[in-house]
Amino acid sequence: MDLTTERTRGLIHALQMDKDNTKILAMLALGGGSLIFGLLPAFFTRTNRRRQPLIISNLLCFGAGVLLATSLIHMLPEVREKLPNYPELIFCGGFFMVYVADELLHLICGEAIRHTHTDISAPPRRHSNTHQHDGARPCGGHNYGAMSETQSLLDDSSEHYVRQEETIRQIEERADAEANSRICHTNHREPCEQSLAGHAGLLFALSLHSILEGIAVGVQDTSAKVLLLLGAVACHKFVVGFCLGVELSSTPGARFRNQLLAILIFSFGSILGIGIGMAIVDLKTVYDTPALQVLQALAGGTLLYVTVCEVLPREKARWHLSDRKYAGITQCLSVLIGFGTMTMLSIFMNHSINADSPQLPENINYVTNINPESKQLENVVDLSALKEKQRHFQKDDGLPIFLKGGPMDRVLVGLTFILVALGLLRTANFYVGMILPSNDSNKD
């Protein structure tokens, strides 16, 4: 019994790296990886962005699915576990906090970030993503997706003919719009392109979540646990960083300097969190403080607002009246793929953490026995209590019932890696088309 315990301890010490060096490696990996993935969308040329607007929209919808799963599947269960009293209420408080801030910014700033106002009785354009009504001013003064109109030199007869055709076309479009409104019950006007509160709230929520995840990595007491959490956190942090970069780069009038600053703040969150975790001595009294969990709940509500009130309504409005009838289906599929990918990564991350839990020192009980040879008191491991706790963790590991048992876990992990690999291959193909200049780039 004692020999087995000594061999186990020796094996752990043999496999253990210097944990401080491992945490520094985790800082560099999470910070550098987040920076690289977050800045990748900034290198898309503006011409190629205009050539592939639906692909950009699908990427944004994929990011919306990732953010939605991060908020509801990943962050909300953590808040419920640490805050037994009214976690959902605090979560909704983050939602309404950004909602109120967004409306106050539009009220105070006025014309600077004004929404585009149009007469709801006017017929929407069929190509609503490329044209705007006369006299309608885009939000913030940016002509995102708009084409400049030129006046043709026509004689009186030609001008009369053009006006007549324009009247007929408007009547047809009005009829189409009325038929569409009976189905959708909405006018499908594209919302404001610049939501300062939305972007600021998105950056705040993701950065705060990165800090909290960094703290979770920094407080680990062995290198093996640090590496385990590093892999789990990096899987979804890089995906979220890329989606954040796509969202920021799609903002009209976005500058690379501003995007670089935002991605640096997001990347620095993990570094700061790991540093704070390394400085924490008492994990349970510092990391599990209610104040941090309240911030986690507010961050989750913020992500929910940005997803359902900013990203998804904007992308749906851009393409709902487009000639590409399949655009809405591809957007919906992109949201589902992003949601499913993030859900599987969250389940894998939680399972990895729970699988490592029985090895924590606080899960081992010691009993005092009298050594028959030395006649002295000794502290030995209470194997019965240890086995009971192991059965408890195996019975209730926080996973759905269809994932318990072992084989399904491996199948899930395999499907996750296959899905991620396919996504990376398709993304790499997309990068080649977006970054490299094309021969027909002047056709725009």
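Just so you know, glycine gets a Cβ as well, placed from its N, Cα and C.
Sequence annotations record features per position, and here TrEMBL assigns transmembrane segment to 24-44, 56-76, 88-108, 196-220, 226-248, 260-281, 293-312, 333-353, 411-436. For 120-141, the entry in TrEMBL reads region 'Disordered'.
Among the listed stretches 56-76, 88-108, 196-220, 260-281, 293-312, the one sharing the most Cβ pairs under 8 Å with the transmembrane segment (24-44) is 260-281. Counted as Cβ pairs under 8 Å, contacts with the transmembrane segment (196-220) are highest for 260-281 among 56-76, 88-108, 226-248, 260-281. Counting Cβ pairs closer than 8 Å to the transmembrane segment (226-248), the top stretch among 56-76, 88-108, 260-281 is 56-76.
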